[in-house]
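See structure below.
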Amino acid sequence: MRPPTTARCPGRVLQNPWRSFWPLTLALFVGMGQAQRDPVGRYEPAGRDASRLRRPGGSPVVATAKVYSLFREQDAPVRGSPPAELVQPSWGSPRRSTEAEARRPPRAQQPRRVQPPAQTWRSRPSGQQQSAPRARAAPALPRLETVQRPRAARGRLTGRNVCGGQCCPGWTTANSTNHCIKPVCQPPCQNRGSCSRPQLCVCRSGFRGARCEEVIPEEEFDPQNSRPAPRRSAEGPPSLRRSSVARESTTARVRPPAPQLQRARTLSGLSQTRSSQQHVGLSQTTRLYPAPAASGQLTSNALPMGPGPERRDGAPQAAYLDRPSSSWGLNLTEKIKKIKIVFTPTICKQTCARGRCANSCERGDTTTLYSQSGHGHDPKSGFRIYFCQIPCLNGGRCIGRDECWCPANSTGKFCHLPAPRLDQEPPERGPRHRAPLEGPLKQSTFTLPLSNQLASVNPSLVNVHIRHPPEASVQIHQVARVRGEAEEAPEENSVETRPSPRLPAGPGPGRWDSNRIPARSGEAPRLPPPVVPRTPALLGRCYLSTLNGQCANPLPELTAHEDCCGSVGAFWGVTSCAPCPPRPASPVIENGQLECPQGYKRLNLTHCEDVNECLTLGLCEDSECVNTRGSYLCTCRPGLLLDPSRSRCVSDKAVSMQQGLCYRLLGPGTCALPLAQRITKQICCCSRVGKAWGSLCEKCPLPGTEAFREICPAGHGYTYSSSDIRLSMRKAEEEELARPSRDRGPKRNGTLPRPAERQPLRAATGTWVEAETIPDKGDSQASQVTTSVTQLSTWVPGGALGTPTPSVPEQGIPEAREEAQVTAPTNVLVTPAPSGIDRCAAGATNICGPGTCVNLPDGYRCICSPGYRLHPSQAYCTDDNECLRDPCKGRGRCVNRVGSYSCFCYPGYKLATSGATQECQDIDECEQPGVCSRGRCTNTEGSYHCECDQGYIMVRKGHCQDINECRHPGTCPDGKCVNSPGSYTCLPCEEGYRGQGGSCVDVNECLTPGVCTHGTCINLEGSFRCSCEQGYEVTPDEKGCKDVDECAIRASCPTGLCLNTEGSFTCSACESGYWVNEDGTACEDLDECAFPGVCPSGVCTNTAGSFSCRDCEAGYQPSALGHTCEDVDECEDPQSSCLGGECKNTAGSYQCLCPPGFQLANGTVCEDVDECVGEEYCAPRGECLNSHGSFFCLCADGFVSADGGTSCQDVDECAVTDRCVGGQCVNTDGSFNCVCETGFQPSPESGECVDIDECEDLGEPICGAWRCENSPGSYRCVLGCQPGFHMAPTGDCIDIDECANDTVCGSHGFCDNTDGAFRCLCDQGFETSPSGWDCVDVNECELMLAVCGAALCENVEGSFLCLCASDLEEYDAQEGRCRPRGAGGPSVPEARPGAHPPGPVRMECYSGQKDQTPCSSLLGRNTTQAECCCTQGTGWGDACDLCPDEDSVEFSEICPSGKGYIPVEGAWMFGQTTYTDADECVMFGPGLCRNGRCLNTVPGYICLCNPGYHYNAASRKCEDHDECQDMACENGECVNTEGSFHCFCSPPLTLDLSQQRCVNSTSGVEDLPDHDIHMDICWKRVTNYVCSHPLHGRRTTYTECCCQDGEAWSQQCALCPPRSSEVYAQLCNVARIEAEREAGIHFRPGYEYSPGPDDLHYSLYGPDGVPFYNYLGPEDAIPEPLFPSTAGRPGDRIPLPEPPLQPSELQPHYVASHPGLCCCKNGEEVGSEAVSLPSSPSAHHCQQEHQAGFEGLQAEECGILNGCENGRCVRVREGYTCDCFEGFQLDTAHMACVDVNECDDLNGPAALCVHGHCDNTEGSYRCHCLPGYVAEAGPPHCTAKE
């Protein structure tokens, strides 16, 4: 490969290398992507473009291909630059060309220094040439060496950029990886620049150059040109001037150049011109850059060049040419006023069903939209289009015709120049106004070639922007100029619609008014070569998460893959979804592609910009979205908080911490049954526990109301935790918010900014909207508001905006523009505008924003509202930041608000408000009480000062403390100093003290000689005392010692004679057993045990004056005198007798002789020998069961016990006379067989011979047309038909239709024909006659006893009437008695005869003992008056009305059948109520027979008390029996407990096996209770008090049986206590809560559960007959069994009461606390639909819909494997989950409820089982307490016995 040929400039001079550097740098960025390396590391073009770049001469590509040497030195000359005449001239400026040349070395040579050319040329304005000094030669670019990867043992290189097992040139491996993804820049990038691609440095702001080695100069602002300029250009006046060459009118004559031309430098190479004459506009030098077309060639930017003014950027542009333009600089878009855009929309909608979503797209009509002045709008289709004739580079965005909005890193008309350094203040932005469109629109941009242009060269590219609904996508077919219409009259935009084939036609063609611009004449158009348009990005559905492996939470609009995965999306797809690829943590460029981190998107080839997620619909539900850098925040209004999902606002009342009482019962005006602890309102009302809350008894809101959703946003059973929710009312911090990218514009230097003129568009609603607005810097929500045309996220410099001017004539040079006029005050703007246009009406009401628009003849004026000011753009009002003026005057912190401000005063100041003005005023602290006590207060600014009084000192601000003068030693030198407030006092010293340094010190009297003779002197504070020697005592004044007469004390020589001496005494003549000690002061005891032979077989213990024998050996005891040990006859001691054997005494011990069947254990107890172990005494005909001292055989079926029960023999079943009737009996071992005769067969149930019914088994063929009659053992055939049939002529037997006679059943019934017979079905009130052939009336008055009570009964046909004796009374069918007319409650309408009365009222039932009030205790809830008063109740109703006496008339009316009988609801006989026995055990549940078992009888009930209890008829419960009154608890202390007792023994005694006696640990016991010393049968099941299913293989004790699997024990079938009782808890030493849990699983009310095992524990009634809701508290009680059996047998008219039936699936649907379940009175419907139970026609319950997302499910409906065992399946919004029972926790990995090991949980609230051992169980745990402790519940623990 050879270097491209270069051409020298023939006679042209390049003036300034700075003006050519930036355009060529841009060409470098584009050209490098299409180039390849040469062997020395340089880039050469690749592919078919290589030949073009090697062309000699004036191709514009040559400048691009030769730009690389500029990086060596920017002032180096460049060879082969194009001739100056081929460069596109700017408007009114001389043509410029590059000044430097670069030369590339040959391929095989090392780079060498470039030699400068012999001569360079500089261009003059007149076109002459002059010589210029030579430029410096640039140093050679160093050769790029191939970077070798580190020699690490990581294996072979993988991934991209790998060439031949090594990293490709320019790449190296990243740290700790084997991937070649790290680019290499040599030499490295300077000034902290980053190497983004090989040999490509991305510079930080403020730096530039190939290696970021150059600092960008600071800029100055030229107020006349409004363009940035380098601060270093100090030459020339501030007004940068350059001559302009203009063309007058439409002729080709050239105006002479202006005099006094001065050269000026601009930062970006743009030459700017301002003429003092009539030349108006900004001139711009055209730069070359590669267009993003497929050809890869560099094309012009299609700048308008034609004559006349051209409106660009809102300002008139005049172009003047000094010569005809060449073909390379043609104006390709000149006079393009009307554009035709042909596109086809595709509407895509999402359809979701059963958790699956699918996109359905429908292609719309092909629409042709004619856009004039760059804008077009289809008001019917909802599409808005504007196009750009120029492409915007580096991520720029087209916002109008020939107008680019550039990102922060670029500037210039096409965003092709690097941005200046960001060290200046950004321009202030106006607020963005959301366009009043019909709905949110989405913008799509397409870069397409413009067809039908005026020049036959490379087509110009335009950007077409289409705003359309989000669910639509658009395909552009053609963008073309409308030919032949340039000379026509002013045109209007129009829309043409062409229906697509096979689809219904879309909206028809429509027209709309737009801005009319006069058309101008132009050159004839020439067709361009065809170019394939670019395909828009594919749109799909964006999903936020997945659920059960499927994509979920889709966004409502279709998005592109990059927009979805780069912002909030996790999955994306069109027909199916795929996960989004991972994003890097920071921007990374790999293989030329820029990878942006999450929350950012590509701005250009090297920069990423923040994604405004708040533009995405559906992110923050019921909250406000705030965009942040790389993410977003959901904020709530004051009073609302974000929930844990951070996407939903809930009321702060949902997490209120205010606590109060929760009431479980709400009556008329009263609250009752409060909970013991105070809880919050949401826990009380959201958990269904409470009905009212708080000190004011606030009623809990009803579900579905707004008040309920306010405190329970998640519904019933769920509350929010305050620790999971944080207040979100703060504003996002400045560093969190996403700042829009911005171009730092120049400072304004006091001049007014020129507002951008925007062409108004007419929206579909007919209102006027702005085509574009400039964002305001102070608007915090600028990044969240979209305009009606496009969404912009960048700032533009103020100088880049033009100034609105009046219209100009079509031909000729425009006059000098008028400057904008500003009038006082500053918030009023007068803007010139074309006459005749009402700007205030055109801008609707928001043209000025928060202000008033005043129309003027030449414009309009904005009068801003208070708190607002005129925006620097002079176009509207914006918020006035009053804080900039320091309205708080430094006394507080100013916080600006929209239209106002707030002062937060510092300490020492207070807020003073006067209208809209706020200020901080000083607080006079001296006026406040308690300030500067004991001092003088002086107020200061923001504070105060205290001056203390004399005698006080300041210790802290505002507090004067007394000075303690006594601290100074010289205050009182001869006395005691006493301090006083503000002063002090000197006092004289007391006796024993002397003055010293202001205080009194003690005098040491012990220093005086002769003090305390016969003792020691002890100095005291102010005195002294004497401590005397032994034998002396202190005198009364304690200042001397005297002798003690020891003999006067009785304790001296108690066993001898005492003699007193001075200071001592002596003893003599001691008693027996004592002797005088050595010093003679005492008679000491004589130790007899020191002599040998004392106390044989024992231990000698010395005593005072004697001795004794103690601790005799085993079998011995001390004698009567205690001097010897004698043998003990243990057989005479009842406590030492052999238990179950005979005792024999021995020397020092005894022996036990056991009877047969027993064996000696522990030497003292005869234990039973288990003969069944190891021996098969009863096998194989029975099972051996051990007994006390023997055994017996439990024989199998067919065997009987023999030999005294020790063996089993066969039973001869054939000995029974009636065995095997119709056959012969054959006895077998353990059974028998029947050999049946012909016509008989063995019965599969009993084995007996039963007759074979041949007529039934063989059917009709057996007798043919004859009738078959069965007989024992045979059958016979009889000629004729069965009764009820007649023989047809064909010989067949046909049924006789007796019902053909209409009168066969009379007039009160109808006939029902049956096969061979008929029956009469009678009307209500009639019954079948004895003959069965007709219906007769039923006399209810005779049949039903006292059916009308005390009223008269009158029988009528088919019914009966109850008549009252007095006309002033009427019969109340509901109460069953006569009542005065109009008295007592609401009138009851008269029921028709035979109608069922409404259901009775159900209320509370009370009972009381004889010596207490009748309403002392609550017996039951939800009972009728008859159920209460006819059974055990003494009071009924809310007011506890007393039940009538049994001998009263009222009692007969309520209970006509007597005590114990109640009416059956829904069961009627002949129009009368049916009465049956009341099951008190079911009706009152735990209210009866507490601590026992309730057994229903007819009538009444009986109580079977648990062991340790006796029945108390007065209280109707089993009360504890005090065993301590009956038994002595021998040798110990008896303590009674509930249902039992305990014996406590004192050491060395211990409790024996009977637990009732304290015995010596070495002795035995006797007379133990049978159930403790005996091992007996353990029965596993008890059915109707009959024991079955014995525990095979072993016998157990009573405790072992009942505490494990047994329900009864011993051959007497002794029942075990219920597992939910206290007796069971004490017997088995477990806590009460454990006993309740073992009794069965009790469910939470209000839910639907999965099916459970069909056993006793899962039924609606517990093992002790108590309904399961008993464990849920009285508030959850249900009125009656909800599954009553009323079906009975077919012939029963009065169904007998049966236990509640267990449904096939455990579905507690009708619990009282179930959502929507109401206790309805009188059959009313309360709040929802009343549903009748199929088994009870009169029983109603109210049912309403579950709250969505929180209902329970049955197993077959649950979407979880195994249906949540140990829990319940609950459907939530995301699918299914398990609500585990207590003691289980959810394992989310397996979606199962697993047991919680409470014993291993060291993080629990308290240590478990203190004073005991913790044993984990399935779903719970139990505590095994140590001796001396008993188990307690809540939480389970062990407490000491009382």
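Cβ atoms are placed via backbone N, Cα and C, with glycine included.
Sequence annotations record features per position, and here Swiss-Prot assigns compositional bias 'Basic and acidic residues' to 39-52, 731-746. Under the heading compositional bias 'Low complexity', Swiss-Prot lists 107-120, 132-144. Annotation source Swiss-Prot lists disulfide bond at Cys203-Cys212, Cys620-Cys634, Cys883-Cys894, Cys905-Cys920, Cys932-Cys946, Cys966-Cys977, Cys989-Cys1000, Cys1089-Cys1100, Cys1154-Cys1166, Cys1281-Cys1293, Cys1322-Cys1335, Cys1429-Cys1443 (among others). Sequence annotations record features per position, and here Swiss-Prot assigns domain 'EGF-like 1' to 181-213 based on sequence analysis. Positions annotated as domain 'TB 2' by Swiss-Prot: 660-712. Feature annotation from Swiss-Prot assigns domain 'EGF-like 4' to 836-878; the stated evidence is sequence analysis. Sequence annotations record features per position, and here Swiss-Prot assigns domain 'EGF-like 6' to 922-961. Sequence annotations record features per position, and here Swiss-Prot assigns domain 'EGF-like 7' to 962-1001. Residues or ranges marked as domain 'EGF-like 10' by Swiss-Prot on the basis of sequence analysis: 1085-1126. For 1127-1167, the entry in Swiss-Prot reads domain 'EGF-like 11', with the evidence type sequence analysis. What Swiss-Prot records for 1210-1250 is domain 'EGF-like 13', and it gives sequence analysis as the kind of evidence. Residues or ranges marked as domain 'EGF-like 16' by Swiss-Prot: 1337-1379. Marked as domain 'TB 4' by Swiss-Prot: 1576-1628. Look at Swiss-Prot and you will find 1754-1794 tagged as domain 'EGF-like 19'. Sequence annotations record features per position, and here Swiss-Prot assigns domain 'EGF-like 20' to 1795-1839. According to Swiss-Prot, the feature N-linked glycosylation site maps to Asn175, Asn331, Asn409, Asn604, Asn749, Asn1162, Asn1301, Asn1422, Asn1560, an assignment based on sequence analysis. Annotation comment: Swiss-Prot describes Ser494 as phosphoserine, evidence class similarity to another entry. For 38-58, 74-153, 219-283, 295-318, 417-443, 481-531, 731-760, the entry in Swiss-Prot reads region 'Disordered'. Positions annotated as region 'C-terminal domain' by Swiss-Prot, on the basis of similarity to another entry: 1631-1842.
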Legend entry - Candidate nearest Asn604 (N-linked glycosylation site) in space, where candidates are the recorded positions Cys894, Cys1000, Asn1560 and distance is Cα-Cα: Cys894
Legend entry - Long-range Cβ environment of Cys1100 (disulfide bond), under 8 Å and at least 6 residues apart: Glu1088, Cys1089, Val1094, Phe1107, Ser1108, Cys1109
Legend entry - glycosylation sites: Asn1162, Asn1560 - member with fewest neighbouring CB atoms within 10 Å: Asn1162
Inset, instruction - Out of Asn409, Cys634, Cys932, point to the one nearest Cys1335 (disulfide bond) in space (Cα versus Cα); all of them are recorded positions in the record. - result: Cys634
Inset, instruction - Rounded to the nearest Å, what's the C-alpha distance separating Cys905 (disulfide bond) and Asn409 (N-linked glycosylation site)? Just drop the number here, would you? - result: 42
Inset, instruction - Give the distance between the Cα atoms of Asn1560 (N-linked glycosylation site) and Cys620 (disulfide bond), rounded to the nearest whole Å. - result: 80
Legend entry - Number of Cβ atoms other than its own within 10 Å, given for Cys932 (disulfide bond): 22
Inset, instruction - According to DSSP, folded down to helix, strand and coil, what is Cys1166 (disulfide bond)? - result: strand
Legend entry - Per-state residue totals over the domain 'EGF-like 6' (922-961) - DSSP helix, strand, coil: 3 helix, 22 strand, 15 coil
Legend entry - Same-chain residue ranges lying at least 6 outside the domain 'EGF-like 6' (922-961) that approach it to Cβ under 8 Å: 891, 906-910, 981-983
Legend entry - Cα-proximity to Cys977 (disulfide bond), 10 Å cut-off, over disulfide-bonded residues Cys634, Cys883, Cys894, Cys932, Cys1281: none
Legend entry - Integer Cα-Cα distance in angstrom, Cys1322 (disulfide bond) to Cys634 (disulfide bond): 74
Legend entry - Cα-to-Cα gap, Cys883 (disulfide bond) vs Cys920 (disulfide bond), nearest whole Å: 13
Inset, instruction - Could you tell me the mean pLDDT over the domain 'EGF-like 10' (1085-1126), as a whole number? - result: 86
Inset, instruction - In whole Å, note down how far the CA of Cys966 (disulfide bond) lies from the CA of Asn1162 (N-linked glycosylation site). - result: 86
Inset, instruction - By CA-CA distance, flag whichever of Asn175, Cys620, Cys1293, Cys1429 among the recorded positions is nearest to Asn409 (N-linked glycosylation site). - result: Asn175
Inset, instruction - Would you kindly give the Cα-Cα distance separating Cys634 (disulfide bond) and Cys932 (disulfide bond), rounded to the nearest Å? - result: 50
Legend entry - Neighbour tally for Cys212 (disulfide bond), based on other Cβ positions within 10 Å of its Cβ: 21
Inset, instruction - Determine the most Cβ-crowded residue among the disulfide-bonded residues Cys620, Cys634, Cys1000, Cys1089, Cys1443, using a 10 Å radius around each Cβ and all protein chains in the structure. - result: Cys1443
Legend entry - Surrounding CB atoms that lie within 10 Å of the CB of Asn409 (N-linked glycosylation site), all protein chains: 22
Inset, instruction - Determine, to the nearest whole angstrom, how far the Cα atom of Cys946 (disulfide bond) is from the Cα atom of Cys1281 (disulfide bond). - result: 131
Inset, instruction - Sort the recorded positions Asn175, Asn1301, Cys1429 by C-alpha distance from Cys203 (disulfide bond) and give me just the closest. - result: Asn175
